[in-house]
Amino acid sequence: MAGSNSKARPVEADPSGCPPPMEGLQLIQQGAEARLYRGQFLGRPTVMKLRFPKRYRHPTLDERLSHKRTAQEARSLLRCRRAGISAPVVYFVDYVANCIYLEDVVGSLTVRDYIISQQQSGEGTSSLILLAEKIGEILARMHDEDLVHGDLTTSNMLLRPPVENLELMLVDFGLSFISTLPEDKGVDLYVLEKAFLSTHPNTEALFEALLKKYSAASKKSIPVIKKLDEVRLRGRKRSMVG
Amino acid sequence: MPIVIGFEGSANKIGIGIVRDGEVLSNPRRTYVTPPGQGFLPGDTARHHRSCVLTVLREALEEAGLKPQDIDAVAFTKGPGMGAPLVTVAIVARTVAQLWGKPLLGVNHCVGHIEMGRLVTGAKNPTVLYVSGGNTQVIAYSEHRYRIFGETIDIAVGNCLDRFARVLKISNDPSPGYNIEQMAKKGQKLVELPYTVKGMDVSFSGILSHIEDVAHRMLSAGQCTPEDLCFSLQETLFAMLVEITERAMAHTGSSEALIVGGVGCNERLQEMMGIMCRERGARLFATDERFCIDNGAMIAQAGWEMFRSGQVTALEDSWITQRYRTDEVEVTWRD
């Protein structure tokens, strides 16, 4: 989780004025649904992800969502690691405060920042194609485990240091769930496709390489890709009035 | 100092507005209201627009104190929207453009909402939540396009609210959404409804089927009131919308949010979005019903931007289209 500071602007002061949940922890960013702190937990570098109450939501709804997502995130991270998919180690889960203590992968970089830096340096189209293929491969493995991520973006994929090795790691499993349905996996890819192409304009070729590798690597890809095509049509051709 | 007149009629409102360099000179509008339990059908809506478009046009010119020769360009909604109403209004726009000898500008309705929101609020580069009867999108600008980061994968949020209103036979006057909002203020109990967020996308059809299924049963068993249902539906739908907007803001590193579209004038939605923005040190921009709800000035304003950057629409290209995505438009007027 370390280094994933692109998911939000660096936070100088906690806008809500809340103290960290444990002494010695430092707020590193406020993502969309949680605050991330960095510090030591039992002597190890740790990232703590706190799903703080969202005051815009009805308290009952908020508690239901935060609790479910904390539990689901811990479960899916374990499931990934059991299946040999790289993901941070879960050290501890606090179900009362809805926070998870995770391995801090020092020096990691989000795929989003990596793609942007490669594009800016003007080189590295071939390394980006290789990266896209690696993403396709890891997603194929994840879907073959019947794990649906639910929030795939290039901010939710990290590269372990040294980043040139393109060793991918998946994070942010709060919206994940278990499903065997091609529909759910197709939507997972659709969500990524939109996030990918809107974040990184003119990268259609990269995404195509990703899907090609996904199709080749996954044992269950044929119905999933068929569903992806269907879901795309729903988004594009839906009549839009008003 | 170009003056642009804008014609809007993609759904059940017909509006004509005149804009001069960021100043709205006039913006009259009429709404086609159907009886409770009914939606608006394309043919009837077009008939409504036909019957009052010339009156609204006269009002727009009189209110602005302008004559046709003062106008520099005629903007109209090219799409997306309902076919019959779009055609009706486009024909009028085409006719006056030829009578007056002025250039035409075909405007994307969604871009109209965004440009009007930017003009009225002064937001510079906001993450836009566009919510209406037919659209639910989270949009951010980059490299000459309004890019869609998230959207509904089935029905629009306004459509979900409208159809729920039909189930309870809530009045469509002035709009079903407004009446749901008033009833929700008296709601107490939160009825558990499905909550479907997929990354930056949302899905509303399951919530609608669920509430259609349970509403009458729960009401007749006395488990909740119609007000509780309105309240629960709003709390659930709007929490989803605020969540995907926050997700997009976190992803793009944006510190401004702008709400546009008819559902955007709901004050509870604005309140929830405001809390989210404050909690992450961002600013919220929102407008009221004059500019949130479909109107002519928004088409004029987007047309004005197009005109300023040298775009015009040739007569043979002035056709309309029911499906016209926000990200298809090349935004030539922004860096």
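Keep in mind that glycine also has a Cβ here, set from the backbone N, Cα and C atoms.
Keep in mind it's a predicted model, so treat the numbers as computed, not measured.
Features as listed in TrEMBL:
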- B:29-300: domain 'Gcp-like' (DOMAIN)
- B:H109, B:H113, B:Y130, B:D294: divalent metal cation binding site (BINDING)
- B:Y130, B:V131, B:S132, B:G133, B:G134, B:D162, B:G177, B:E181, B:N266: substrate binding site (BINDING)
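Using a cut-off of under 8 A between C-beta atoms, the binding-site residues B:Y130, B:S132, B:G134, B:N266, B:D294 that neighbour chain A are B:S132, B:G134, B:D294. Looking only at the binding-site residues B:H109, B:H113, the densest Cβ neighbourhood within 10 Å occurs at B:H113. For B:N266 (substrate binding site), the count of additional Cβ atoms within 10 Å of its Cβ stands at 26 [all protein chains shown]. For the substrate site, whose annotated binding residues are B:Y130, B:V131, B:S132, B:G133, B:G134, B:D162, B:G177, B:E181, B:N266, the maximal Cα to Cα separation is 18 Å. Taking the Cα atom of each, B:D294 (divalent metal cation binding site) and B:N266 (substrate binding site) are about 14 angstrom apart. Comparing B:G134 (substrate binding site) with B:H109 (divalent metal cation binding site), their Cα atoms are 11 Å apart once rounded. B:Y130 (divalent metal cation binding site) carries a strand DSSP state (E or B). Note: the CA-CA distance between B:S132 (substrate binding site) and B:H109 (divalent metal cation binding site) rounds to 11 Å.
Cα spacing between B:N266 (substrate binding site) and B:Y130 (divalent metal cation binding site): 13 Å, rounded to the nearest whole number.
Here the C-alpha separation of B:H113 (divalent metal cation binding site) and B:G177 (substrate binding site) works out to 18 Å. Confidence annotation: the domain 'Gcp-like' (B:29-300) carries a mean pLDDT of 96 in the model. It is 15 Å from the Cα atom of B:Y130 (divalent metal cation binding site) to that of B:G177 (substrate binding site).
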